[in-house]
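For 50-261, the entry in Swiss-Prot reads domain 'ThyX'. Taken from Swiss-Prot, the feature FAD binding site covers Ser96, Arg119, His120, Arg121, Glu127, Asp216, Leu217, His218, His222, and the record attributes it to sequence analysis. Taken from Swiss-Prot, the feature dUMP binding site applies to Gln116, Trp117, Met118, Arg119, Glu127, Val128, Ser129, Ser130, Arg131, Arg200, Arg227. Residues or ranges marked as motif 'ThyX motif' in Swiss-Prot (evidence: sequence analysis): 119-129. Residues or ranges marked as active site, involved in ionization of N3 of dUMP, leading to its activation by Swiss-Prot: Arg227.
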Amino acid sequence: MTLRTLQAGVAVSIALDRVCFFCYNGAVAHCVVEAAEDILDRRFSVLDKGFVRLIDYLGGDARIVQAARVSYGAGTRTARDDAALIDFLLRNKHTSPFEQVVLTFHVRAPIFVARQWMRHRTARISEVSSRYSLLSHDCYVPQETSVAVQSTRNKQGRASEGISPEQQQEVRAAFEAQQKAACAAYDALIQKNIARELARINVPLSLYTEWYWQIDLHNLFHFLRLRASAHAQAEIRAYAEVIIEITRAVAPCATASFENHEKDGVQFSGREFAALKALLAGEGLSLEGKERARFEEKLRSGLQQ
């Protein structure tokens, strides 16, 4: 990582591996992260026809550290101190320093993924407009192994077990036939000079769309905590996992702390914490009913319930 400045002053640098901090008169200016520079504008494929690209970024781990220390003017210390500070900030929910880091992505995903994505309103979004542009015929078709029946436990998800290969092939063929018919109907309306804003209204949710997405690191971590969860739909989870790796290139210490405390962590209620202490003391479990079932499932699966 390299910190650059346009200010005049005496430079002091502390080099640790690939990390180099330059402090001018106690201030840190523009932050250039080598690992992030290496992947700028690179396409990371997701699903069958989608991708994510990192278009731009502002700041990294060093920016978080400097934002946290600005109140008392302390300069940058060592990489170990910085990682410890970032970890302290994240686990104690000091969010403002993380909002100093901003990432901009170019995303291509099916419309149904985009609609889940855009429920996260603390971001800036610019999506391709089908009122101005002609739509492509690119539609998402799930892999055969992704085709499953409705879950009996999760009202908004599919079952973990699949169906027979013959049924999976039949469902995929039905998807493709419906998509082809919908796109042909769209083309027919366009050829009749029907307004694009009307011709588009029956296109399938599987059609791919594109958008630019700019978000600060604090709100990005919130997005990833929800969308990289095992509870999220598999398709948007695939995008979230790619974005985690891109984010790691920009802010590796912050991403590691996020994974440890939020993505892979579990929260306990007051009564659950009391029950956990009782178990550690060799006492019985006082929780009952659904509360007990949720608590035991947290301990078993490591997933938030």
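Heads up, the Cβ atoms here are built off N, Cα and C, so glycines get one too.
Predicted, not measured: the structure shown is a model, and the values here were computed from it.
Recorded features from Swiss-Prot, shown on the structure.
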| residue | record | Cβ contacts under 8 Å, 6 or more apart |
| --- | --- | --- |
| Ser96 | FAD binding site | Ala67, His218 |
| Gln116 | dUMP binding site | Arg227, Gln233, Ile236 |
| Met118 | dUMP binding site | Ile125 |
| His120 | FAD binding site | Ile215, Asn219, His222, Phe223 |
| Glu127 | FAD binding site | Ala114, Thr209, Glu210, Trp211 |
| Ser129 | dUMP binding site | none |
| Arg131 | dUMP binding site | Arg196, Glu197, Arg200 |
| Leu217 | FAD binding site | Ile64, Phe98, Glu99, Gln100, Val101, Val102, Leu103, Thr247, Ala251, Ala254 |
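When DSSP labels each residue, the motif 'ThyX motif' (119-129) comes out as 0 helix, 4 strand, 7 coil, counted as helix, strand and coil in that order.
Fewest other C-beta atoms within 10 angstroms, among the binding-site residues His222, Arg227, are seen around His222. Taking every pair among Gln116, Trp117, Met118, Arg119, Glu127, Val128, Ser129, Ser130, Arg131, Arg200, Arg227, the residues recorded as binding dUMP, the greatest CA to CA distance is 29 Å. If you take every residue in the motif 'ThyX motif' (119-129) and average the pLDDT, you get 94.
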